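Following: one structure in structure tokens, then a few remarks.
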């Protein structure tokens, strides 16, 4: 910051003098004001600083004081104290010399910054006469400037230590005065007492150190005028007592928690001199101290290491401890009383004025000098800025001073301006940014009561679709300001040493796939390179579902020939041969056994016959086996017989289940309607590709007519995506939010922002049904497959008969899955009723979303929402058929 010095008509502008920095500006400017001559003409009186009137009143009092009259009489009589004074009794030090007078040496006054000669100092200490320049002939009606302010009424630098000493930074002056006082006390104590008793004139030093506190107010007014002209605020100085205004290194406040470094201070000499000068101003100092007692009490405790105790002068007749104050800071101290400061410092609290009611002040700290403004500390006004938060509840973001609804903190009254979407019942949302915050500003909805919360506020299964729950450990470091622009996944559980799920034999549910941060929001490898569906027999690339299992073409042909043929294969080894892509032809017996174990069969009716054939083959080879091999054969038999309880096609459903698909949403950008809906459309396009692959791998689906296959997928894709999203929300975020994708999770704010809040609420309710009904992964897989065959045109499909048979087979498979877990027929019937009611509830949600997407497609150009090509074609061609009633869902129960 560069500021030209100048106070208008208060004093002449120095030619092109510039100071840099915030702190030296103030002190250097005041020094320039004092050292430059002020106005000397009558018209300059109107441009005097605000303290001019106060100076005139004090000057009038000084003129009538008996001491000044005595000094004036002594000056007229030619006494040694005949100093030249101004019209108001001030000590004139900088006046111009008269041409008629001989040019004398410049006066060396301690307050002028120059060091007097030793002889002059001794003479001044002993009260010897000194020559002073002649008075000026100009008009002296205007108040004198410069050091004439330091007249004979100056109170001895005691009460104005924070004003004059800090402004001029003349600590050496006090040392010189103290030395002179010691010389005067030691060498001329008797003569001094005699002169005081007889009313004899005293030295100029004694007169200089006597009087009232005129300079204190004058220096304050002058300091304020200079600071206002420079654009600096000095109101922070007014809130500190004089003892706390010593100038120091206030640019760099001590680090919190680190003991302060002791500053070099003028110890004993200055302390003794100051102790002797504080006698006549003790009352005022006491009042100033009591005025800020709440602040100074806690402030002094932290500065006990900086206090300096010194004994007073013996001549002063008092001995005490002098406590040097702390350094001066132009920034507001954290322990100051905020109430008084907010009334006068509007420009200082400019951010606070925009932020609404101020937060409670932080606990006092001995070195909390520099104000660290945090927008999260401004209470209710943070609601407007916190609307950009996408992954956290507002109640979990604000600090201890700003409380959300239901937090119970002192600033809960400001919760009226909080966004109405965030209620206390919503609980902890996705990825709390602030955590418990020491219990003060924890997440809303009871997160703060629980203290430390998990980083997600929920538990999710560690792997797969299992319902096992595992707790997360809170991450060590969160982002600053409570701002969460990245998804805070806990690093210990995200960094994996093994290969990702897309490298396994099949994609699986991708239960553990998480992205570290928003910068890692890249698509998984299965998006660029779709995972190769491996054959369950040899591990080669699978070509589809053959005979009830996902196999390659070679194993498909082998099983057909081996199962239909009459050949009996025997293993030359121990029935544990390795069957892979390169060694699958080495042992037909082990290969056929592995086909049976994978669930391959020529038909459901032949399952028992195939089991007997397998037992016969193993029985014929049992004569040459050991007891260990016989135990292994019994386990194989029991495993084959168990297929009657574990449906065969469940293995296929688990193998062909699509993996997790990312939306490619940029979470670093603020949420908007267009961005959220465009990301949802992009996610729908990517998921639709996986739905097509998944449907083609379903048992019996390829037997449908090609047109029927396309029609079924185009009509049921919305319901399938909603059903799968509800399951992901249940398994990943405990149905608290909508888990569309790892990089696109909808909390309450996003639900409102997307303008589809009612649809999102219904989808979240569907996700909660999975938990209330305790849906198992096997039931979910079968219900999802059945949902594909639950909507058809009113006119029917081209091969409606086969479609009905295929749908009935999937209904029977669902009933068989229910019967495997329950032995009571009544319990099975009740469970079947619950699951079918859940399937029926998906259709109204899908229809409502069809209407929303169709309306959005029409207005997409106006709202800047992007639709991928395939999504736009399906919505524009097939969705109108559903909305018009030409295509209707198939319900299990009457609606």
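Every residue, even glycine, has its Cβ placed from backbone N, Cα and C.
These numbers come from a predicted model, not from an experiment.
When the ranges 472-492, 493-513, 514-534, 535-555 are checked against Swiss-Prot, the one recorded as zinc finger is 535-555. Note on Swiss-Prot: of 396-420, 421-445, 446-470, 571-595, the range annotated with the feature zinc finger is 571-595.
When the recorded positions 821, 823, 891 are ranked by how far their Cα is from the Cα of residue 696 (site 'Interaction with coactivator LXXL and FXXFY motifs'), 891 comes first.
In this structure, residue 821 (ubiquitin cross-link) is part of a helix by DSSP. Under 8 Å from some Cβ of the zinc finger (535-555) lie the Cβ atoms of residues 505-506, 563, 579-581, 584, 591, 594-595, 598-602, 648-649, 651-652, 655-656, 696-699, 702, all in the same chain and six or more residues away from its ends.
Considering only the recorded positions 696, 821, 823, the Cβ with the fewest other Cβ atoms within 10 Å is that of 823.
Close to residue 891 (phosphotyrosine) in the fold, though at least 6 residues off in sequence, lie 840, 843, each with a CB less than 8 Å from its CB.
Reduced to three states, the DSSP call for residue 696 (site 'Interaction with coactivator LXXL and FXXFY motifs') is helix. Along the region 'Interaction with HIPK3' (547-637), the predicted structure has mean pLDDT 71.
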